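Let me begin by presenting the structure, written as structure tokens, before commenting on it.
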Amino acid sequence: MSAPVINGKQVSEDIRGALREEVERLNKLGFTPGLAVVLVGEDAASQVYVRNKEKACHDLGYYSEVHRLSESTSESDLLALVDKLNKQEDIHGILVQLPLPKHINEKAVIDAIAVEKDVDGFHPVNVGNLVIGDDSLLPCTPAGVIELIKRTGIEISGKHAVVIGRSNIVGKPVSLLLQRENATVTMCHSRTANMKELTRQADILVVAIGRANFVDASYVKPGAVIIDVGMNRLDNGKLAGDVDFESVKEVSGPITPVPGGVGPMTITMLMQNTLIAAKRLRDQA
Ligand code: NAP
């Protein structure tokens with residue numbers, strides 16, 4: 001029998017419903033959370049992501065600003081814009097869409113974003129707070145992974161979670177968040193020896209490697225929860241995850257599809273972070 005499919009679209013809609021209600025309540029009090037998105041250059045995928053973020057703001061009643069800058073924008077001009085947004089009172093969240101053109105130092109730009117407006121959760125202070133377990137704005141995709149697992153009613157505490165991938169955006173923070181939820185976490189990467197021996201012990205397997213359909217049924221313990229973060233564009237234009245969904249669902253427990261699994265959660269978590277940042281900034285004002 002095939003495994004149950006985790007419906008990220010539905011979970012995401014449920015969270016967005018609650019956010020919409022909260023923003024409506026705040027709007028009535030004369031307060032509107034504001035998100036600024038900065039896009040530099042013409043990257044096609046980035047343009048789609050930015051449009052989706054703009055749409056989410058519109059749908060949920062947030063104020064939004066999108067700054068579309070040319071590919072040739074200098075680092076100092078971009079830093080000047082970030083500085084302006086840091087000081088702007090109607091903006092509570094700032095997201096600079098990555099990747100940036102090669103002549104711009106991404107780290108310098110991320111470091112320049114005010115910690116309390118860093119709704120992507122990439123600023124070193126937010127990352128450090130995540131590591132030591134202090135309150136912080138969490139990176140959106142990893143936070144979405146945890147939320148998806150929890151809202152599907154899956155217990156994380158005491159489970160063995162294996163994460164494949166150790167990037168700063170997904171693998172590392174997901175591992176830390178799973179640990180925070182009291183899972184015992186094993187991390188795998190491209191140099192891991194005998195990876196299948198480890199993944200076959202996983203009660204929860206999170207895959208974030210960027211290789212289409214890489215993980216097949218032979219990596220999976222029967223009944224394991226499978227969270228596929230991968231988003232790979234195939235030659236035929238279709239989107240594929242890092243997990244071979246068709247073969248894995250025959251042995252696994254609950255499994256996320258691609259599309260419709262982790263993907264929809266990322267922007268939803270961005271909206272949640274923006275609301276959290278907005279309320280904190282309002283309370284401090
Ligand atoms: P990344 O920065 O390229 O990192 C990939 C990680 O996977 C690295 O740690 C790498 O190991 C590891 N890896 C690569 N090949 C491997 C293999 N054969 N065996 C074991 N480990 C391997 O990628 P990322 O930014 O984390 O993204 C991963 C995937 O998630 C991509 O498909 C991306 O599009 C997707 N993604 C989706 C969302 C979303 O919203 N759903 C958000 C972000 C990313 P090394 O460190 O040893 O090189």
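Placed from the backbone N, Cα and C atoms, the Cβ positions cover glycine too.
Any TrEMBL annotation is an automated prediction that lacks curation.
What TrEMBL annotates here:
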- 6-120: domain 'Tetrahydrofolate dehydrogenase/cyclohydrolase catalytic' (DOMAIN)
- 139-280: domain 'Tetrahydrofolate dehydrogenase/cyclohydrolase NAD(P)-binding' (DOMAIN)
- G165, R166, S167: NADP(+) binding site (BINDING)
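This view paints the features noted in TrEMBL onto the structure.
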residue: G165; record: NADP(+) binding site; Cβ contacts under 8 Å, 6 or more apart: G171, C188, H189, V206, V207, A208, I209, G210, V229
residue: R166; record: NADP(+) binding site; Cβ contacts under 8 Å, 6 or more apart: K172, S175, M187, H189
residue: S167; record: NADP(+) binding site; Cβ contacts under 8 Å, 6 or more apart: A208
Item to check | DSSP three-state assignment (helix, strand or coil) for G165 (NADP(+) binding site) | outcome: coil
Checklist entry - Neighbourhood of the NADP(+) site (G165, R166, S167): other residues with Cβ within 8 Å of the Cβ centroid, in order? => result V163, I164, N168, I169, V170, G171, K172, M187, H189, A208, I209
Item to check | the domain 'Tetrahydrofolate dehydrogenase/cyclohydrolase catalytic' (6-120) - residue tally per DSSP class, helix then strand then coil | outcome: 61 helix, 19 strand, 35 coil
Next on the checklist: Treating G and I as helix alongside H, and B as strand alongside E, what does DSSP give for the domain 'Tetrahydrofolate dehydrogenase/cyclohydrolase NAD(P)-binding' (139-280) in helix, strand and coil?
Outcome noted: 52 helix, 25 strand, 65 coil
Next on the checklist: Give the mean pLDDT for the domain 'Tetrahydrofolate dehydrogenase/cyclohydrolase NAD(P)-binding' (139-280) on the 0 to 100 scale.
Outcome noted: 97
